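To start, the structure under review is shown below, and the notes come after it.
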């Protein structure tokens, strides 16, 4: 009886425990997608804190279901840090829709201005020091912290509360009175971070702008006198008259761009395009360009909409032991250096009228004494503060204190009479200006109106995994090599090398974000791009539902057929069909297979038909993980022999799905990887597919795991992994041609040295035999790659909106292989011999020997392999010697038989050299059968060639054509 009572108690207790239980996978996905439970109209508020592991947790900070009643409403709410000890914010995930929210600011402080669920921000943000940790603006990319970088919170000096401020601009989206739960999800860790984030504020305080069209430059410069800081993001800020704001590091007279942006575009933090480090003795310089057009009076620096501001916020990190959390620069200590400022700093960035950000500031008060505005400080040009002061001055960037009234309230009676007073005045001006930005819901037209401007200057990155690179002390230009360039030169075997085709004009096409490239049966290049649509942090909600449906489909042709020689557009299609194009592949019949991550669908298109898709897989705008749904599918591969369809499904589901040629679901495999050392068959964004028909394999670019996985198409059995340290942490795309595998990686993470580049690999061994980069422009996010069988390679970049063409430096006819014809077998077999030798000797020494042999044997301009030349010279000599011996040895009566045998024998040899003949000498099999040589690692030479009839048995064929076992994953 006692046992029964115990069991009853357990049953009563356990259900509640089961409700709260979450598997590690669900916790991971929950943080990735959302950290709150949604119900009815709005996100719930039941579980703001979600454990990730023993040291990390997610904190969800969201509005508790609010409905603004008038435009330009600012709501604030607070969440207490769920711990007293020190922690570090290492990532931010915005949870806002551009249709409802204009911008969001996240502050840290020790006492919020109110203890209610939410309040009007007119009441203030915090009653003590407030620091800005995060800023999000519509149509702008989210702020990302590099790996190892964190903002300090908690502990003795850090903030105890987070305060979220949300600005609702145009409230027409709330006509249905729905509730809004916009906010931000934080990823925090208890582990000390080696690098601490901070802010450097450059601000002009004495600029005077006369009325009229005269250009006025407001210059700021300071000597940097601290430990090195590494810049990774920036934000510009002016009012209506600002045309462009530019920031630079000046070292030994050399100007290095930190950031340049129009202040009339969304004023969030943007990543620096190239890493910049600032060391002791450098000069930091900034210029704001103004005109007084439309004004009838002189304009000064101040806090109302009639005044102006010139601010550049530089977000940086420093080593923890030397970290200074906040620094300021408010003077121009080196005015002479601006004589050599790059001309770009003086060129306004044009912004269409429908793209201008409206600034809803308080109008100038009638009794305002303009002469009492901020005056030139009489302090050291650069102030450095410790942790506590950092929070005080960070609040001045965009925050509020208890005495702050909504939007740019400026008290002219409070003159700056001392250094501390001046800094306080600056703080009030900065924080209150940003509270006043308003919105007129022009978002849909902003991107559409000037696509190139938005794409090139705002959306320089596409997904959160595109982390920022380490800062380096160099000036980068389009023609200069990137960090780490050329480090793979010793690995070039000379066997295959590609270089950019500098005479190809296609690099200047500049379509939208290039998501896919492929080659049609006529060898024309086909580009799949996003037009004026972009994929950024605002595109999807936490459940992967597309949030910008109101923009409508892309109103321009998204599929371009390009002449491979002169880059002329031969054909275009795909208008008003897609929202966010992603993958593109072309089957043997020339049909296009495309994916759209917003629609969560796969389409089969006939390029010659205008009747719509031939086949559609998935449900429009409905993410899911069953047999009838996808969730942001990335790529498609179609088996040329069977017509079987393979889909990589993709960003959310981490699986591969197989369909019949008619679109019937067959099977799926794969799962999400949560560990640092993922297992075979686990994925973190299966991003690109490449079929290897001769071997019956499907290879997958496992993007976020930085590797390539190959599987058998019939059994789905894992075959091998290809992973190299030079890949870095991402492999975005792959392409296969007989014997070779091409790939492109992604932008390196913080402290990683691997550059963004393309790779050529021996498919059998997986060894890298060449790397390549463009000369014109540079890779930023190479998103897809396509290779033709003559060795021409095309790479499309989603950030630079560029397509490059690379060609082989060899005579490609010696490596050409026809899809449905006779191959030049002797070339393939000679390569097989070389590959076999390379497997049996150390790679480095063997590569040297191969290079030396090729140098000795090759004549200038010749690409003929040494083995081929030797074969062509030796065989006729052997045949002639054999004939002479037979003539001398045989009598005249036996001569006829000998002649017939010789004729048959020589016919087989010469026939083999022509790639014909059903039997005879097979150099690959001959050498592979000799002691000391292994057949393992050979490529299947052809599916149509006569060699296939010579396979002795199934087991031997399997050994010859299976890939080697996966090598141990390198530590990272």
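Using the three backbone atoms N, Cα and C, a Cβ is placed for every residue, glycine included.
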Point to revise | Of the candidates 322, 497, 533, 582, the one that Swiss-Prot places in the Zn(2+) site of 687, 783 | key: 582
Check your understanding: The protein site in Swiss-Prot includes 530, 703. Which of 646, 651, 749 is also listed there?
Key -> 651
Review point. Do you know which of 199, 202, 203, 309 Swiss-Prot groups with 237, 239 in the Cu(2+) 2 site?
Key: 309
Review point. Among 307, 784, 790, which is the one Swiss-Prot gives for the Ca(2+) site where 517, 584 also bind?
Key: 784
Check your understanding: Per Swiss-Prot, which one of 167, 178 shares the Cu(2+) 1 site with 102, 103?
Key -> 167
Point to revise | Feature transmembrane segment in Swiss-Prot, mapped to one of the ranges 826-849, 850-873, 874-897 | key: 874-897
Review point. Any idea what the Cα distance is from residue 102 (Cu(2+) 1 binding site) over to residue 530 (protein binding site), rounded to a whole Å?
Key: 24
Review point. In the predicted model, what is the mean pLDDT computed over the topological domain 'Intragranular' (31-873)?
Key: 77
Exercise for review: Could you tell me how many residues in the repeat 'NHL 3' (617-662) are helical, how many are strand and how many are coil under DSSP?
Suggested key: 0 helix, 17 strand, 29 coil
Review point. By the DSSP assignment reduced to helix, strand and coil, which category contains residue 103 (Cu(2+) 1 binding site)?
Key: strand
Study note, to complete from the structure: Across the repeat 'NHL 1' (498-541), DSSP yields 4 helix, 15 strand, 25 coil
Check your understanding: Restricting to the same chain and to residues at least six past its boundaries, which positions have a Cβ under 8 Å from a Cβ of the repeat 'NHL 1' (498-541)?
Key -> 34, 93-98, 136, 138-142, 447-448, 451-452, 454-455, 458-459, 462-464, 547-548, 551, 554-556, 558-564, 566-567, 570, 574, 578-586, 588-590, 592, 594, 597-598, 607, 632, 635, 758, 760, 770, 772-777, 783-786, 788, 791, 793-799, 801-809
Practice item. For the repeat 'NHL 5' (766-809), give the DSSP counts of helix residues, strand residues and coil residues. Key: 0 helix, 23 strand, 21 coil
Study note, to complete from the structure: DSSP puts the residues of the repeat 'NHL 2' (567-608) at 0 helix, 21 strand, 21 coil
**Study point:** Neighbour count (Cβ, 10 Å) for residue 103 (Cu(2+) 1 binding site)
**Key:** 26
Study note, to complete from the structure: Cα of residue 651 (protein binding site) to Cα of residue 167 (Cu(2+) 1 binding site), in Å and rounded, measures 30
Exercise for review: Would you mind checking how many other C-beta atoms are within 10 angstroms of the C-beta on residue 530 (protein binding site)?
Suggested key: 28
